[in-house]
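Per TrEMBL, these features apply:
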DOMAIN    8-135  domain 'EamA'
TRANSMEM  34-56  transmembrane segment
TRANSMEM  68-86  transmembrane segment
TRANSMEM  92-113  transmembrane segment
TRANSMEM  120-138  transmembrane segment
TRANSMEM  144-161  transmembrane segment
DOMAIN    145-266  domain 'EamA'
TRANSMEM  173-191  transmembrane segment
TRANSMEM  203-222  transmembrane segment
TRANSMEM  229-249  transmembrane segment
TRANSMEM  255-273  transmembrane segment
Amino acid sequence: MNPVLAAWLLLLAGNLFSALYDLVLKLIDGDQGLLQFLFWRHLLALGLLLPWTGLVKVPAKKVMQVHLARGVVALLGALAVIQALQSLPLGTFMALFLSAPVQMVILAALFFGERPSRPLWIATFLGLAGVCLIVRPGSLHADAWLGFASGTAFALGSLLLKKLPADTTSKDTLWWQTLLPLPFLALGAWWEGKGPNLELLSLALLANLTLLVYQWTVVVAYRRAPVALVAGAEYTGLLYSLLLGYWWFAEIPNAWMLAGATLIVLPMLWSQLRHHRSL
C-alpha cells in the first residue's frame, strides 16, 4: 500500500480515539487535581503497555534526550488540553487544536528542511486566519489560547519523531514518552495534595485506552510518510468532536467557529488533493 495512503487511513481511525479521549478529559472535575489525574494516567498506561512492550532496551544518550523532550512536550500539551476543555466546547477546542497541522508545516519548513508546495503554504496561512476567527482576541475565554498551545505541543512532538533512529519502534516511543514524565507528575501530584478516588482512576483508565490507540497511530503514521503530506488527516477529528459534543453535551457551534474551522480544514484538504492528483 502507498505509505501516504496508509498513514492517512491510520490517522482517520486514530482521530476517532482522539475525540473520545477529549470527551473523557472534559468529564474531569478540575477540583480533583489535574496533575493527580495525569500521574495516574501515566502510571496505569505503563501497566497497559508492559504486556505489549516487554522489557524495553535503554537507548543511547542522544536518543533518550529526544524521548525526554517528547515526554515533556506531551506533558505540557496534556495540561493545556485539560485546562482548555474545562471551559471550551469540544468542537471549539478541536478546531483550535487542529491548528497543529498548520503549525507542523511551518515548523517542518523552518527546522527540518521540508519544502511545502505553494498550495500548502496558502492553506497554512488560511488556516492561521481561521484560528484568528475562532479566537477573536477578547471574545473568548483565555483558555482558548491553551487550545492553540496544545496544537503547538502536538506539532512539536510529531516533528521530534523525525529525530529518532529509523530502527526505533512504536513500542519504544510510547514507553519512554509515558515513563519519563512520571517523576515530574509525582512531584506535581504531591504538591496538589489530593488523593485518588474511584471516579478519577476510572477516567484515567478510560483515557489511557483511547489515548494509547491514538498515539500508536500517530507514531506509525508520521514515521511512515512526510509530515506535510499527511497532516491534513488530523482535521477529521473536528467532525468527530462536533458530533460527540452535540450528542453528549448538547453543544451547538456558533457561526464564528464554523467559519474559522472551514478556513482551517478546507484549504488544507484542497492542498492534499492537489498533491495526490499530481502523483
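Our numbering is plain: 1 for the first residue shown, then up by one each step along the chain.
Note that Cβ sites are derived from N, Cα and C of the backbone, with glycine treated the same way.
TrEMBL labels come from automatic prediction, so no person has curated them.
Not measured: the values here are computed from a predicted model.
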Are the transmembrane segment (120-138) and the transmembrane segment (203-222) close enough that 3 or more Cβ pairs fall under 8 Å, when only pairs 6 or more apart in sequence count?
no
For the transmembrane segment (255-273), find every same-chain residue at least 6 residues outside the stretch whose CB is under 8 Å from a CB in it, and list them.
89, 91-92, 95, 98-99, 101-102, 117, 119-120, 122-124, 126-127, 129-134, 136, 139, 229, 231-232, 235, 238
Is the transmembrane segment (34-56) packed against any residues at least 6 beyond its ends, judged by a Cβ distance under 8 Å, and which are they?
28, 75, 78-79, 82-83, 171-172, 174-176, 178-179, 181-182, 185-186, 188-189, 191-192, 194-196, 200-201, 203-205, 207-209, 211-212
Can we call the transmembrane segment (144-161) and the transmembrane segment (229-249) in contact, meaning three or more C-beta pairs below 8 angstroms at a sequence separation of 6+?
no
Sequence gap of 6 or more, Cβ distance under 8 Å, 3 or more pairs: do the transmembrane segment (229-249) and the transmembrane segment (68-86) meet that?
no
The domain 'EamA' (145-266), counted residue by residue under DSSP: helix, strand, coil
102 helix, 0 strand, 20 coil
